[in-house]
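Trainee: Below you'll find the structure I mean.
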Amino acid sequence: MNLSCFSCREPAVFLSLVLLSVPHRAHWPPGGLSVRLTLGFLAHNERSSNAIHSFLLTRTYFISSNLHGHLIHHLSINGVFFLYSHLSAGAGGWSPLISDKYQWLEVDLGERTKITAVATQGRYGSSDWLTSYLLMFSDTGHNWKQYRQEDSIGSFPGNSNADNVVQYKLQQPAIARFLRLIPLDWNPSGRIGLRLETYGCPYTSDVVSLNGGSSSLVYRLSPGPWQTSKEVVSLKFKTLRNSGILLHAEGQQGVSLSLELERGKLQLLSNQTSPEPLHLTSLGSLLDDQHWHHVVLEQKSAHLNLTVDKNTERVQLPAEFSLACLYKCLSLGAVHSLRSQKPDASSKDLHGCIENLLYNGFNLIELAKNSDHQVTVRGNVTFSCAEPVSVALTFPGPQSFLQLPGTTASSPGGVSVGFQFRTWNKGGLLFTFSLPQQEGMVWLYLSDARLRLMIHKRLSPAVFSGAALNDGQWHAVDFTARRGRLTISVSQWVHLKPWLIVTHTCFHTLAGEIRNLFETFQGCMRLLTVENQRVDLIKVQQRLLGNYSQLQIDMCGIIDRCSPSRCEHGGRCSQSWTVFHCNCSDTGYSGATCHSSVYEQSCEAYKHNGNTSGHFYIDVDGSGPIKPQLVYCNMTEENTWMVLLHNNTELTRVRPSPAVSQHSVHFDYSSQEEQLLAAISQSEHCEQELSYHCRKSRLLNTLEGSPFSWWLGGPGQGRVQTYWGGAHPGSQQCACGLQGDCVDLQHYCNCDADRLEWTEDSGLLTHKDTLPVRSLVLGDIQRPGSEAAYRVGPLRCHGDKNFWNAAFFDKETSYLHFPTFHGELSADISFLFKTTGSSGVFLENLGIKDFIRIELSSSTQVVFSFDVGNGPLEVRVESSVPLNDNRWHRVRAERNVKEASLRLDELAVATQEAPTDGHFHLQLNSQLFIGTASRQKGFRGCIRSLQLNGVTLDLEERAKITPGVQPGCPGHCSSYGSLCQNHGRCVERASGFQCDCSLSAYAGVFCQTEVSASFKPGTSVSYTFKEPYELSRNSSALPSSIYSEMTLRAENISLSFRTNQSPALLLYVSSYYREYLAVLINKHDKLEVRYKLDSSRDAEVLRSSVRNVANGQLHTVTIKRLTDSVSVQIDENAREDFNLTSDGEFNAVKSLVLGRVHESDDLDPDLAKLASLGFTGCLSVVHFNTMSPLKAALLHSDTSPVIITGPLVQSNCGSAASTNPYAAENTHHLSGKKGGASFALSVKKLFCGVIAVVIFVVVTGLAITGRLLYQRKETYRNQQVKDRQENSQDFAFSNQADSQSVPCENPKEYII
């Protein structure tokens, strides 16, 4: 047998069970039977196939609850040690007479031993074996601690028959003298049966016991071989107290560190020059459990790692710690200073034991044992661990209770009960007893984490005491009823209440039986007294006292599930006895452990959710460590821009200052460093405007000379850059130098010409490695006459390299492979897919036993399955529509220590809870396959934007070198085409799509923004048809096409209006043959449509029955004609149908007019009069067949056949939310949109409104001032004019627009 696999460097210890034939249980002594067993030692150089001949050692023995067995011998075969029966008369091994969960087998190893593995086997020649069991360890035979795998799993797998040996190597070796095995389940056709073997190594240690009263060890270390560049202090400790000084280290200049136990947590404190210590961090929990805890302190310069047991916290120390020799004075158990020989009286002394105190590998306890001159021993210090015996009870579940006898006769002294408890639950019955003479019942219970007492007979109101008693700390309760008064004290709280005199009690019940009235107590109790007499809980365990059910005696099984916290991203952890809960509010994350981000990863993703421009939180790495950041997403252009602001994006003037040779400015961005870099890296393109306006102020000098100015850009504080906007890195040029059009061709920047006139060097910085701009240094500003101004615009990026990263799998056998997925404790997987297949595996990763897989199991179902050692677990989502429709569908799967979840598109999340006592770690070892390389059916179709724990897998790059897989996946309009509204047309792009709004009366990224204008009486918009006019229909930057036919047999007209004018002409279409079409409001506030399709006949008037359309509200009209059939619909009213008597042809259409009609010779007199009045109100989204005349006039007047006269003001008056024709703007709402920041939008709108008001006030003030100035004397007026002219020449660019600033949605124009 190879012993090295058990990590023993000394001779290994193998302990095998040897049982003798024993008498009947009725003749056993109380407490069970002690049996001496053999302890064998096997040296490393012995062959494992040799039989072991053991020594009989008197100090090593087994104790069990009860025994049944025969003599057994120990044998080694093929490297596996097991037990077998020597006698044919009976089966060999341990088997208690009663098979229940109260049986146990205890092993005394004689001394503390490093136990590395256990092996079990069933009873020889029988049907008796264990299928699962628990292992407990102890140093004293009391205060047992359950061994847990992965800090969660308590049970060990047992046997499946009586012959095979099942060996389990402990993940973390246990160091203990006593081992106890507790059966959980066994063969249902047999009984409990066991042959046991343990493996381990001898364990040696140096121990010191500190018993308070200033007991301590003080080390004043002189320079020696233990001093290194990296300081390491390690130790183990155990204590029953929840507070005390563990370690204090002091160095030069009073700099010191302290490790202090406070409320069962270990705190790291820094004591510098200030009197109050600085709290650096805290780690661990429930460290007052009288079990050994391992502590390591590693320091290098100002970096420190604190490890408690298996958890490590990294700490950045103050700068002075990097220079101080910190460990000149080490004190254990109390605080001692270099300047004082006495301990700090304010410190809390430690009561407990410390083991193996090492400083840089040197054993300091050994120095103390040898009375080294560098060590001072103070107080009551012994070099062995004297442990107090404290027997605790654990109430693990709803069926747990303990029943004890009460007083048996009248007692004038009353009733007295005392105990300590600890729990995480807010409620639970602690104890109850009856009052038979008064026929009443008393209950003491927890409710809302407070102690309450209720007397049933008198219906007494509850007595309250204590607060926050579910904090996991030990709380002492004393209950006394004497001389008509009741006293309840809980820790520091005492409550007194008059009460009846209790003369007799029949029993006490802890965590009692009245389960229908109160919550069940789950927690620990100890130091139980009744009538001031300590209850012997070992007798209770032996069933010699009282009665109990489902208790764990002589141990406290409390677990702190919030230390370390499984809640991610700042989620707040709370817990009960069995579960923990994460509060994810205000974190930006969701899920059982706050793992998944609630925000999208880019503006591109928000756009494809149907959002429009606005402020959004983006989380560039999803579930990764980078926090969400607030950005502005500009979706008004072809590209979707992400805008990141800094503290000064305005054009800023630099005044000359003789005392200052350079002007330096630093830019602080709204995003943090890691957020900025991740956003830049994820984007396809980034740019930032950099401009310099100058007058006699040079910029970069010549190529050979040193630059006068420079800027810093890139990661961190940035690197020095000597090129300017529009040029290349390292060129020391400006844009004009690159293009060869500088004002002085001898220089490479306009400003380097050093002229008296104002000029500028501006351009875009587009190299992502040098972005963002961090600082700007301007040098040539101190000369007389030198003036300058600079502007650094916001950082703007577009494109999301991750969002469109896709691959097409053209065969079911096709796959991509990536490195093993590491999602041991938490894993999230998200991707989009589209397919025409009915099933297939999207991805899978396998381990020896564990696996993770996501697949399309049918055309309507997605399955997320995995195994972390508990057996396969599946989460399914069923869709009501087929998923093989060749449209994109989104899958999001998550697995954490609490649950597994699966979400498909926007369907409800399906979840599956994880076992409360199950495996945590997902252990995989194969490659991650996209598609499948196993016998499962592969996937045929497209997968896009595949992310694992926030990291995007580059499918396209891997697909380029993989047969059967193609990079990219076209065809996005089938999925996203519905986002294009109001007759907008979806156009495919290489990455994504675009909405072509050329045939729509609407504008915007999704053709969703109404195009509206406010009309005045003199406003006229004339759209001419007289010449065929066709523009490209593939560009939203161009107006809609103009109908090229001259004769119409049908019209499709729609428009919205808002007015109080009656009568009023809304729309007029003329012809070269004196024919026309008019839409108007008559004097009765009703809508009329007039058709004159025959110049020789009068116009036909079609009147709608809908009343009061000139009421200032928004109305939408739809008019459709096909030859002689006309339909009219207003708002949601019923459609009205009309018939014309003319031939149905509208010949030689000439023009369409909105507002006032200037050429009215062809009109009837009454219509001509109405046309001359014009229109006052709002017109919106005017659509005539394929044309949008109002949109062409407002957005494309330069390229469209449109004539505009009078004031035409674009506004959002056509919005349904607007209440008047001059409504300022439409409120941009994001409620219900994931990640929307509506408050930021409101702030932006308020800002825009304030600017408008300020402009109004300024303009009005200037007008009044100008009027006053005009009335003043001519000389003064001339002087004022001169001053204003000089100022204008002085700073000619001061009113330039900030083209890169975040735009205000729906800008307003005011006519004053």
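Heads up, the Cβ atoms here are built off N, Cα and C, so glycines get one too.
Just so you know, TrEMBL annotations never went through curation; they're auto-generated.
Here the structure is a predicted model, which means the values were calculated and not measured.
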Trainee: Disulfide-wise, see what TrEMBL says C942 is paired with, picking from C969, C973.
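Mentor: Disulfide mapping in TrEMBL sends C942 to C969.
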Trainee: Between 977-997, 1145-1165, 1208-1228, 1292-1312, which stretch does TrEMBL give the note region 'Disordered'?
Mentor: 1292-1312
Trainee: Any residues 6+ beyond the ends of the domain 'EGF-like' (558-595) with a Cβ under 8 Å from its own?
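Mentor: Counting only partners 6 or more residues beyond its ends, the domain 'EGF-like' (558-595) has Cβ contacts under 8 Å with 265, 284-286, 311, 394, 396, 422-426, 472, 522-524, 617, 619, 623, 627-628, 825-826, 828, 894, 896-899, 901, 916.
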Trainee: From the DSSP assignment alone, can you count helix, strand and coil residues within the domain 'EGF-like' (558-595)?
Mentor: 0 helix, 12 strand, 26 coil
Trainee: Could you tell me the mean pLDDT over the domain 'F5/8 type C' (94-201), as a whole number?
Mentor: 91
